[in-house]
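J.: Annotations per Swiss-Prot:
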BINDING   SER17, TYR18, SER19, MET102, TRP103, ASN104, PHE105  FMN binding site
Amino acid sequence: MTKVLYITAHPHDDTQSYSMAVGKAFIETYKQVHPDHEVIHLDLYKEYIPEIDVDVFSGWGKLRSGKSFEELSDEEKAKVGRMNELCEQFISADKYVFVTPMWNFSFPPVLKAYIDAVAVAGKTFKYTEQGPVGLLTDKKALHIQARGGFYSEGPAAEMEMGHRYLSVIMQFFGVPSFEGLFVEGHAAVPEKAEEIKANAIARAKDLAHTF
C-alpha cells in the first residue's frame, strides 16, 4: 500500500492559514482519488520533535562508543528514541507533502528540527568514496508554501530559502521528484487575496490527481 506522509508546519489551521487551506484541499482531494492509499498527518506543532541538543549528542556518543540504548539516561533515551521513530516513519513513506508558510524567507524552525531528525547517515543517505549518496530513490515529494509577497521570479527569488532548502535536502536524500505549489502575493495585493487563494486551491486539487 502506498503511504503518504502529510507534514504540516504551521501553528494555525486551514481557517487562518493560506498554506494550510491549500494543503487541506490537496490532501482531501488526494484521498478521494486514491482511497486505497494510507495518509498519515504529521503536525509538527502538535508532535514531539526533539531538537539536537546536549542530550542528543551525549546519547549518540554513547551509542557510537558501544553502549546499548538501555544504558542511556532517561532524557537521552526519550530524545534519541523519538528521533529514531521519526526517521523510520519517514523512510517507510512513499510520498511526502510538506505544508509551510514562508517566515522571514524560510520556514518555521520546527521543520528544520524535523529534517535534522530524519537526515541520518545509513538511513536517508550514505557516505561513499565519491561523496554522499541519497538512499530514498523511489520517493516523491511536494512542498505547498504560502508567501505574502512574490518570490517565484525576479530579484526576490534569491531571497526565498525555504523551498530551495527543501529542494536541496530532497536531492541529498536521493528523492528524484520534488514539486512546489506556491500561494503568493496575498499580502502584497490584499484586494486579490481571495482570488489568489482560490486559484491555488484549484491548482492543488488538479495536482492531487497526478501526484
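For all residues, glycine too, the Cβ spot is worked out from N, Cα and C.
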J.: Could you tally the C-beta atoms, other than its own, that fall within 10 angstroms of the C-beta of PHE105 (FMN binding site)?
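T.: By my count, 15.
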J.: Which of the listed binding-site residues (SER17, SER19, ASN104) has the least company, meaning the fewest other Cβ atoms within 10 Å of its Cβ?
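T.: So among SER17, SER19, ASN104, the binding-site residues given, the one with the fewest Cβ atoms within 10 Å is ASN104.
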J.: Using other CB atoms within 10 angstroms as the count, which residue among the binding-site residues TYR18, TRP103 scores least?
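T.: Minimum Cβ neighbour count within 10 Å, taken over the binding-site residues TYR18, TRP103, occurs at TRP103.
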J.: Ten-angstrom check, please: count other Cβ atoms within 10 Å of the Cβ of MET102 (FMN binding site), all chains counted.
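T.: If we count other Cβ atoms within 10 Å of MET102 (FMN binding site), we arrive at 23.
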J.: Would you work out the biggest C-alpha to C-alpha distance among SER17, TYR18, SER19, MET102, TRP103, ASN104, PHE105, the residues that bind FMN according to the record, and give it in angstrom as a whole number?
T.: 17
